[in-house]
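Written out below as structure tokens is the structure these notes cover.
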Amino acid sequence: MAKRQLNRRQNWRIEKIQGERAARAAKRESSAVEALEGGDLGPEQHGLVIAHFGVQVEVEAVDGELAGQVFRCHLRANLPALVTGDQVVWRAGNQGIGVIVAQLPRTTELCRPDSRGQLKPVAANVDMIVIVFAPLPEPHANLIDRYLVAAEHAGIRPLLLLNKFDLIDEQNAPALNALLAVYRTLGYPVLEVSAHHGNGMEQLQKQLDGRISVFVGQSGVGKSSLVNSLLPEVETRVGPLSELSGQGTHTTTTARLFHFPGGGELIDSPGIREFGLGHVSRADVEAGFIEFNDLLGTCRFRDCKHDREPGCALLKALEDGRVQQQRMNSYRSIIASLPENGY
């Protein structure tokens, strides 16, 4: 069934209702914060946001006698939006409740546009983006490349992870091997694992230890199964593949941070089927394709669009085999998806 199209007035009413609900929630939250701050609160200390629940977040104490304990915290009204991975200053109250008083500067942030096109951070202080894909659902180079552009744009190290490699057979092996070869040639780290059978999981754990990582990828590629294998004590519900579409069903409902014994952390975030890049410019996308770096600025025309222009350095590199057709197709698809002002 086709998705119902809403007219302008219906959209306005929906936004008005959502705005009123948000205002009421903010008022209740402000009253709760005032009540807490009017009581007995502990001294200011550092904490780590490990989960987000609407107007409240879960904060783990990182130092002092409360280290390792988790508190459900309210936010002061003047604070910016917080996400999992944020480092904060907070004060503890009674019965596992606290108040966040300040957000500490972020080293990195992973953002994507929301349904209204506004840029929204989804994770903070991430060191590595693990791009998960699998033989089923069939991997798409375009989606992988979108994640890579996002990683390059955010200054976060990417790791390509092929899960369920035990499902590789004679039919899908040639295409998968060709796909992986492109990224290995570019110098991107690639791992092949099976969360179900345990193959390659030790190598993955070594990559994750000592870093804050986030798993991204379309639903059904086994992100929750990977978490269950890496952290058996954590129960992350696993969703089956849809028999009709071959796509996965979303299981994780909120971004949550988990600790590894080796000192690293993992942020398990909701599955993302189509990763939006509407917040980046053409120059950002071009910079996200690392094989373009030595070619950009060497075209005959300064405003070259790398389409059919004579003297285009990228087209010459494509012809010579220095740029793969698969990557050029992804680049053109991403550029075409940008809003006009992104050009």
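In case you wondered, yes, glycine gets a Cβ from its N, Cα and C as well.
Noted in Swiss-Prot for the protein shown:
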DOMAIN    116-275  domain 'CP-type G'
BINDING   Asn163, Lys164, Phe165, Asp166, Gly217, Gln218, Ser219, Gly220, Val221, Gly222, Lys223, Ser224, Ser225  GTP binding site
BINDING   Cys299, Cys304, His306, Cys312  Zn(2+) binding site
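Mapped onto this structure are the features recorded in Swiss-Prot.
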residue: Asn163; record: GTP binding site; CB count, 10 Å: 27
residue: Phe165; record: GTP binding site; CB count, 10 Å: 17
residue: Ser219; record: GTP binding site; CB count, 10 Å: 21
residue: Val221; record: GTP binding site; CB count, 10 Å: 27
residue: Lys223; record: GTP binding site; CB count, 10 Å: 30
residue: Ser225; record: GTP binding site; CB count, 10 Å: 20
residue: Cys299; record: Zn(2+) binding site; CB count, 10 Å: 19
residue: Cys304; record: Zn(2+) binding site; CB count, 10 Å: 18
residue: His306; record: Zn(2+) binding site; CB count, 10 Å: 22
residue: Cys312; record: Zn(2+) binding site; CB count, 10 Å: 20
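With respect to Asn163 (GTP binding site), the closest of these binding-site residues in Cα terms is His306, chosen from Cys299, Cys304, His306, Cys312. Binding-site extent for GTP: residues Asn163, Lys164, Phe165, Asp166, Gly217, Gln218, Ser219, Gly220, Val221, Gly222, Lys223, Ser224, Ser225, maximum pairwise Cα distance 19 Å (rounded to the nearest whole number). Across the structure, Val221 (GTP binding site) and Cys312 (Zn(2+) binding site) are spaced 38 Å apart at their Cα atoms. Gly217 (GTP binding site) sits 28 Å from His306 (Zn(2+) binding site), taking the C-alpha atoms as the reference points. Cα-Cα distance from Cys304 (Zn(2+) binding site) to Ser219 (GTP binding site): 37 Å (rounded to the nearest whole number). For Ser219 (GTP binding site), the nearest neighbour among the binding-site residues Cys299, His306, Cys312, judged by Cα separation, is His306. When the alpha carbons of Phe165 (GTP binding site) and Cys299 (Zn(2+) binding site) are compared, the span between them is 41 angstrom. Each of Arg300, Phe301, Lys305, Asp307, Glu309, Gly311, Ala313, Leu314, Leu315 belongs to the same chain as Cys299, Cys304, His306, Cys312, is absent from that list, and has a C-beta within 8 angstroms of the C-beta centroid marking the Zn(2+) site. In this structure the C-alpha atoms belonging to His306 (Zn(2+) binding site) and Lys223 (GTP binding site) are separated by 36 Å. Of the recorded residues, Lys223 (GTP binding site) and Cys312 (Zn(2+) binding site) place their C-alpha atoms 40 Å from one another. Comparing Cys299 (Zn(2+) binding site) with Ser225 (GTP binding site), their Cα atoms are 46 Å apart once rounded.
Across the structure, Cys312 (Zn(2+) binding site) and Ser225 (GTP binding site) place their CA atoms 45 angstrom apart. According to its DSSP assignment, Cys299 (Zn(2+) binding site) is coil.
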